[in-house]
């Protein structure tokens with residue numbers, strides 16, 4: 001018959017305690033390893049980005065369209081809403097055309113951005129001659145329309161806490177104005193912007209300004225660069241100047257505008273740091289590049 005001595009009992013107890021401690025440590029380690037996955041960005045949408053994916057004419061999401069009738073739109077001239085078909089919630093962006101322009105001049109950008117996981121409205125303004133501050137009010141009205149008056153297919157896909165604006169020319173000026181009035185916006189992207197006001201020191205919204213080297217209507221010397229310089233440095237901001245481009249570069253499909261607009265919106269509307277790699281340090285400039293100049297307040 002086997003007899004267990006007090007010393008052996010102590011040894012067995014020590015082994016049991018060590019085994020329990022080891023098991024507990026393993027559980028803690030497993031939980032710690034799983035924690036990053038559980039704490040993943042809830043706004044992250046789509047696959048890991050690549051340069052070729054961002055340069056393509058469309059992104060990973062299939063897109064549907066909805067017409068916003070001029071007669072049903074309150075405060076702006078109607079437009080077209082582009083949204084991902086996949087059921088989920090997304091940030092929402094309103095885009096304004098420039099002076100004398102219509103939504104057709106920015107339609108390519110609306111559809112392209114939507115294909116990367118956003119709900120986008122490309123608007124018509126009340127008149128094609130509307131000035132920048134009027135366009136700011138209309139961009140704001142368009143955001144409200146998507147949240148309250150669009151179909152349920154659109155409304156149910158929008159995260160109302162993640163809104164942004166874009167615009168070309170005077171629409172870009174309107175974008176700056178609205179960004180100065182609505183600090184709750186997540187991002188602003190003025191495209192070859194025009195505005196008589198040159199100082200935007202009250203903007204705290206992350207802002208990407210895209211200018212054009214050969215713009216003779218809103219020259220970068222008188223518009224884009226002073227706008228960028230006036231935004232206070234604590235604000236996340238970037239300035240990208242298109243090489244050899246004119247004022248109307250945003251009116252036709254442009255891979256550089258598309259790529260960096262999407263990257264900016266992903267980084268700041270979706271808080272998706274996977275896109276920081278395209279903004280910091282940013283694109284190559286100079287010979288054989290589509291970008292004449294790039295500067296920013298990196299790191300973001």
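Every residue, even glycine, has its Cβ placed from backbone N, Cα and C.
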Review point. Which residue of 108, 194 does Swiss-Prot report at the same poly(ethylene terephthalate) site as 99, 170?
Key: 194
Exercise for review: Kindly point out which candidate in 292, 293 is recorded by Swiss-Prot as part of the Ca(2+) site with 213, 243.
Suggested key: 292
**Study point:** Candidates 99, 170, 194, 247 (recorded positions) - the one closest to residue 213 (Ca(2+) binding site) by CA
**Key:** 247
**Study point:** Which of 170, 298, all recorded positions, has a Cβ with the fewest other Cβ atoms inside 10 Å
**Key:** 298
Practice item. Can you grab the distance from residue 170 (poly(ethylene terephthalate) binding site) over to residue 292 (Ca(2+) binding site)? Cα atoms, rounded to a whole Å. Key: 23
Check your understanding: Which residues, in sequence order, are found in the same chain with Cβ within 8 Å of the centroid defined by the Cβ atoms of 99, 170, 194 at the poly(ethylene terephthalate) site, excluding those residues themselves?
Key -> 98, 131, 132, 135, 169, 171, 172, 173, 193, 195, 217, 218
Practice item. Based on DSSP, name the secondary structure state of residue 213 (Ca(2+) binding site): helix, strand or coil. Key: coil
Check your understanding: Long-range same-chain neighbours of residue 99 (poly(ethylene terephthalate) binding site), Cβ under 8 Å, sequence gap at least 6?
Key -> 128, 129, 169, 170, 194
Practice item. Would you list the other residues of this chain near Ca(2+) - those whose C-beta lies within 8 angstroms of the C-beta centroid of 213, 243, 292 - in sequence order? Key: 212, 214, 241, 242, 244, 245, 290, 291, 293
